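Notes follow once the structure below has been shown.
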Amino acid sequence: MAIIYPEVSRTFSEFLLLPNLTTRDCTPDKIDLTTPLVKFSKDENPPMKLNIPIVSAIMQSVSNDTLAIALARCGGLSFIYCSQPIESQAEMVRKVKKHKSGFVVSDSNVSPNQTLRDVLAIKEKTGHSTIAVTDDGTANGKLLGIITSRDYRLSRDPLDKKVADFMTPFKDLVVGRLGITLSEANDIIWENKLNCLPIVDDEQRLHYLVFRKDYDDHKANPEQLMDSKKRLMVGAGINTWDYKERVPELVKAEVDVLCVDSSDGFTEFQRDTIRYVKENFPEIKIGGGNVVDKEGFMFLVESGADFVKVGIGGGSICITREQKGIGRGQASAVIEVAKARDEYFEKTGIYIPICSDGGIVHDYHIVLALAMGADFVMMGRYFARFDESPTKKVKRGNNYVKEYWGEGSNRARNWQRYDLGGNSNLKFEEGVDSYVPYAGKLKDNLEVTLTKIRATMSSCGARNIKELYQKARLVVVSSTSIIEGGAHDVILKESDY
Ligand code: RVP
């Protein structure tokens, strides 16, 4: 007969934290959010750490190079999605590694033969009004001019007006030479009252744009997650079928860490993938997942995983539980796997970080996940809402929304992940295609989230994540007390928020 577990499968919203004594050395400004990313033994420091306990999901609608740069600058890490050709994924990794704070690779480019109509379409898509004109319309072509909104008048200019006829041509531009420092670029910007300084090489090829505001930005990001060469760190997802071709290219692109992307990690395919990486690239760290119990965790640890991702079916766009009846409440999964991680550490002296993946709806859920034993959390929906995510921003009614779709949706066409071993069509979907409310810049939102995390940890009397594990006291809430937790028995005034 099947084993039937007596415990109920629970999720984050069913728990609350009880406050502990907050001491003077535990105010929000003193709280340390650093956390280990990969395996370490008890007598060494973790070889890789995050400065904040947050990573972004391995998803087409979430983690591209733009989001990875924005998140690493705030101290977290992105795993660039693998449901794309190997070369384009490696290129995204390369772009993050090449990113120099303040030096931006232009994402809005046209060729001189294109028209004002094209310029407006690009502006709509990227939200950027500075557009580079290059001979081949790419970000690294020969720079021929720049267009800003001061170069055209929508009320007068026909939409088929050629770019060459209204751009500010190269001869009238102030440019910087490749190799100059950010502070030199900034001096040129101020001396010439510019908003944007293109950086070109000796052949006039465009490399970067430096914007006036970026210099301050750079100074305002003290927690940036950097490698030993002071470059931003970035991760990448891999799958269990083309890893022999994909991994070498990602390693060449100097990826910092890999993670196998699978809804169910308790498989022989996953073990083979991790073993291949460990045998062929022993210096590369690799996470595995997803699992929801001790058995799955131990399987991945024994396969060689450097961290383990926890969660099946809790993602906001995920319908795996409905479709396959597989999964577990995210809280129950994290609690059991964290216990297994601690037992393993007790026994062997080796600590394997775990990541709670999916199902974070409120900011306090992050602290709950940490209190339950997660070392860091992975989020998709949260990041899809921001300017930096790769998806389209569209207007619905009076509000802006952004698109967000699951990797198991038809749209993502990520067959093999959800159709194990299959190579033809997706037989059924495990994810939906949706919208999420647009929320603006990643940094502004993340700052609020981190402030709330620190405030909650301060109430729990925990100065760091390790102390939170030791001190947190959690209670299960009844459905009636959940209602009590929101605004109730009042008539809410209309609000724009
Ligand atoms: P959320 O943050 O709740 O949006 O969840 C994101 C997580 O959902 C991802 O990291 C992944 O584990 C899972 N996911 C992604 N696609 C799908 C799907 O199509 N079912 N699920």
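Glycine is no exception: its Cβ is also placed from the backbone N, Cα and C atoms.
Pulled from TrEMBL, these are the features on record:
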type	residues	note
BINDING	Asp261, Ser262, Ser263, Gly311, Ile312, Gly313	NAD(+) binding site
BINDING	Gly313, Gly315, Cys318	K(+) binding site
DOMAIN	103-163	domain 'CBS'
DOMAIN	167-225	domain 'CBS'
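Locations of recorded TrEMBL features on the structure.
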residue: Asp261; record: NAD(+) binding site; Cβ neighbours (10 Å): 26
residue: Ser262; record: NAD(+) binding site; Cβ neighbours (10 Å): 27
residue: Ser263; record: NAD(+) binding site; Cβ neighbours (10 Å): 26
residue: Gly311; record: NAD(+) binding site; Cβ neighbours (10 Å): 29
residue: Ile312; record: NAD(+) binding site; Cβ neighbours (10 Å): 27
residue: Gly313; record: NAD(+) binding site; Cβ neighbours (10 Å): 25
residue: Gly315; record: K(+) binding site; Cβ neighbours (10 Å): 29
residue: Cys318; record: K(+) binding site; Cβ neighbours (10 Å): 24
Residues among the binding-site residues Ser262, Ile312, Gly313, Gly315 that border ligand 1 - Cβ under 6 angstroms, in sequence order: Gly315
Tally of residues which DSSP labels helix, strand or coil - the domain 'CBS' (167-225): 19 helix, 16 strand, 24 coil
Distance from Cys318 (K(+) binding site) back to Ile312 (NAD(+) binding site), taken between C-alpha atoms, in Å: 9
Integer Å distance between the CA atoms belonging to Ser262 (NAD(+) binding site) and Gly315 (K(+) binding site): 13
Rounded Cα separation (Å) that holds between Gly311 (NAD(+) binding site) and Cys318 (K(+) binding site): 11
Averaged pLDDT score, the domain 'CBS' (103-163): 92
Summary of DSSP states over the domain 'CBS' (103-163), given as helix, strand and coil counts: 15 helix, 16 strand, 30 coil
Integer Cα-Cα distance in angstrom, Ser262 (NAD(+) binding site) to Cys318 (K(+) binding site): 13
